[in-house]
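These notes are about the structure you will find just below.
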Amino acid sequence: MSVANSRTAVYPGTFDPITNGHIDLVNRAAPLFERVVVGVAYSPSKGPALPLERRVELAQEALAAHANVEVRGFDTLLAHFVRDMGAGVLLRGLRAVSDFEYEFQMASMNRHLIPEVETLFLTPAEQYSFISSSLVREIARLGGDVSGFVPASVVDALRQVRESRAQV
């Protein structure tokens, strides 16, 4: 089957929160495609620290320098979102070998659901290979400094979450 539109890529994730690793991947993908759509998944089952709207805002702020990058929230099956965006490429990041098994399984499932779309894996720059949103959330929740892992706007957002939970 032919590729839908190989000039448009979707980079999906929960982005709870967006990290410097995510930003690095978009920075490297943006020159490769005419259009990159960062799809921020609703994912209520993951119990996100930040609401979908706030995660979209933070990603938009972090990626504003790219004219060909847009950020959109979605609450549908990823395959439907990719088709709705007219994308021919699904971007995924691989931080370590430990990510591979899960990502391979997801790529195989997506190949069945959207056979016209290719999954492309990018590895992070070495200085970002250990960063994950879950680690950033945990460090922030415990009052640690996450400024080396996320943009300043995300540091502020996580601090607000921590302070609001402390008042409860």
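Note that Cβ sites are derived from N, Cα and C of the backbone, with glycine treated the same way.
What Swiss-Prot records for this protein:
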BINDING   Thr14, Phe15, His22, Gly93, Leu94, Arg95, Glu103, Tyr128, Ser129, Phe130, Ile131, Ser132, Ser133, Ser134  ATP binding site
BINDING   Thr14, Lys46, Leu78, Arg92  substrate binding site
SITE      His22  site 'Transition state stabilizer'
Cβ-based isolation winner (fewest other Cβ atoms within 10 Å) among the binding-site residues His22, Lys46, Arg92: Lys46
Packing count at Leu78 (substrate binding site) (other Cβ atoms within 10 Å of its Cβ): 19
Subset of binding-site residues (Thr14, Glu103, Ser129, Ile131, Ser133) lying within 10 A of Arg92 (substrate binding site), CA to CA, in sequence order: Glu103
Site of maximum Cβ density within 10 Å, from binding-site residues Thr14, Ser129, Ser133: Ser133
Local backbone state of Arg92 (substrate binding site), from DSSP in three classes: strand
Alpha-carbon spacing, Ile131 (ATP binding site) to Lys46 (substrate binding site), which is rounded to whole Å: 18
Recorded ATP binding residues, Thr14, Phe15, His22, Gly93, Leu94, Arg95, Glu103, Tyr128, Ser129, Phe130, Ile131, Ser132, Ser133, Ser134 - maximal Cα separation rounded to whole Å: 18
Secondary structure at Thr14 (ATP binding site), reduced by DSSP to three states: coil
